[in-house]
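Asks: Have a look at the structure that comes next, please.
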Amino acid sequence: MVRYGKLPFRALVSQYETHLVWTPMMLAAEFSRSAIARDSDFSTSTTERGTFYLPEAHAASPVAEWDPSPEPSRGIHASPSARSKRMRKVKGRLLIQFAANDPVQLAEAAELAKPYVDGIDLNCGCPQKWAYHEGIGCALLRKPDLVRDLVRTTKQRLGWNFPVSVKIRIDDDPARTHELVTQALAGGADILTVHGRTRHQSSEGHPVNPEGIAFATSCAKGAVPVVANGDVFSLEDGEALREKTGVRGVMSARGLLANPALFAGHSRTPDAAVQEFVRLSTAHGLIFPLFHRHTSYMLESRFRTRRDRIAFNGLTSYAGVLDWLEAEELVGLGGGEAAARGGVVRSL
Ligand SMILES: Cc1cc2nc3c(=O)[nH]c(=O)nc-3n(C[C@H](O)[C@H](O)[C@H](O)COP(=O)(O)O)c2cc1C
C-alpha cells in the first residue's frame with residue numbers, strides 16, 4: 001500500500017498470520033535512477049524474510065508452494081510447539097512492487113532489489129489518473145503483450161527461478177482478462193493477484209466481484225497460484241472469498257489497516273498489536289505522521305465518540321499518542337513504550 005506498506009507495518013502483520021507482504025508501489029524508473037529514491041521508498045530488515053510455521057491445513061497456500069524446502073529455524077513464528085507434525089516450516093515472503101511500462105527499466109529496478117526481497121511484483125491495477133496517463137498501473141490491463149514482455153525481460157535478467165508476480169484488476173470484457181492472464185503466464189509470471197474490481201470501480205463505491213476473480217483464476221488453469229483481493233475485512237471474509245473463487249490465497253488492504261491481526265482471526269486490533277506497533281515504529285524510525293495515521297486506523301473501532309476521534313487525530317507527536325494510549329490503558333510505560341518516549345524526549 002502506497003504510504004502504508006512500510007517495514008514496521010509489514011513486520012506487524014507478519015506476526016499475525018500474514019504470509020506474503022508487499023511493499024508500496026514504486027516507480028521502477030525512479031528506483032533504478034536514484035539512490036535517494038531507493039533509500040526513501042524502501043527499507044527492510046534482516047528478519048523480515050524469516051522462517052515461520054504454517055498449519056498443515058494451509059499447506060496449499062502460495063507461500064508453501066513457493067518454498068517447500070526446510071530452513072534452519074529462526075525468525076518471526078519459530079516456536080517449539082511448531083515442531084508438531086501438524087505444522088510445516090515455510091518462509092515469510094516479501095515482494096517489492098513496481099510500476100513500469102518499459103521492460104528494461106523494470107528489469108534494472110528488479111535487479112537492484114533482488115538481494116533484499118523474495119519476489120518482484122508488477123502493478124497492473126493502480127487506477128489513478130496520473131498513472132494511467134503515464135501508461136503504468138491499470139493502463140497495462142489492456143496491453144497484454146507489454147505485460148508479457150515486462151515479465152519475461154525481468155525473469156531473463158533475474159534468472160527463471162526468481163519469482164515475478166503480477167497484480168491485475170478484472171475487466172468488463174472477460175476476453176480481455178483471458179488474454180491478459182494468458183500473456184502474463186506466457187511471460188513467466190509465477191503468481192497472480194486479482195483485485196475483483198474493474199479499473200473504473202472504486203473500493204468504496206463497488207463491492208468486490210468474486211465471479212470476476214473466479215473467471216481470472218480459471219484463465220490461469222492451475223498453472224500458478226492465484227491470490228484474490230477485495231473486501232476482506234475478517235478471516236471469515238477471506239475464507240468465503242477463497243471458497244467462492246477457488247484461489248490459493250487472499251489479500252487484504254483496508255481490512256489489515258483497520259485490524260492488522262485479521263488473518264489470525266481477531267475481530268479487532270488486539271492491544272498487544274498496538275503495543276507491538278509502537279515498538280516497531282520507534283525501532284525502525286517510522287515518521288510521526290505515518291505512525292499517527294496507522295494508529296488512528298487501528299483504533300477506529302475504539303473511539304467512543306466523534307469527539308474522541310477528532311481529539312486523537314489532532315495529536316501532533318509520538319508523546320501525545322503515547323499519552324492517549326496510556327490513558328486508554330492500551331500501553332503501560334514499560335519496555336518498548338518507555339523506549340519510544342525516551343526516543344521522543346531525546347530527539348527534542
Ligand atoms: C491506502 C492504500 C494504498 C494502496 N496502495 C497500493 C499499492 O501501492 N499497490 C497496489 O497494488 N495496490 C494498492 N492499493 C490497492 C489495494 O492493494 C487493494 O487492491 C484495494 O484496496 C482493494 O482491497 P481491499 O478491499 O482489501 O482494500 C492501495 C489501497 C489503499 C487503501
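Indices start at 1 and increase along the chain as displayed.
Placed from the backbone N, Cα and C atoms, the Cβ positions cover glycine too.
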Asks: Looking at TrEMBL, which one out of His178, His195, His200 binds FMN in the same site as Gln97, Ala253, Arg254?
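Replies: It is His195, as the record lists it for that site.
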Asks: Please give the greatest C-alpha separation between any two of the FMN-binding residues Gln97, His195, Ala253, Arg254, in angstrom, as a whole number.
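Replies: It comes out at 18 Å between the most distant Cα atoms.
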Asks: Mind telling me which of the recorded positions Cys126, Ala253 has the densest Cβ neighbourhood, counting other Cβ atoms within 10 Å?
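Replies: Compared across Cys126, Ala253, the most Cβ atoms within 10 Å surround Cys126.
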Asks: When you measure from the Cβ of Gln97 (FMN binding site), how many other Cβ atoms are you left with inside 10 Å?
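Replies: Within a 10 Å radius of the Cβ of Gln97 (FMN binding site) lie 24 other Cβ atoms.
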Asks: What are the sequence-distant neighbours of His195 (FMN binding site), meaning same chain, six or more residues apart, C-beta distance under 8 angstroms?
Replies: Gly125, Lys167, Ile168, Arg169, Ile170, Val208, Asn229, Gly230
Asks: What residues, ordered by sequence, lie under 8 A Cβ-to-Cβ from Arg254 (FMN binding site) and sit at least six positions away in the same chain?
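Replies: Counting only residues 6 or more apart in sequence, the Cβ neighbours of Arg254 (FMN binding site) under 8 Å are Ser203, Phe233.
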Asks: Taking every residue in the domain 'DUS-like FMN-binding' (85-312), what is their average pLDDT?
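Replies: Summarising the domain 'DUS-like FMN-binding' (85-312) by its mean pLDDT gives 95.
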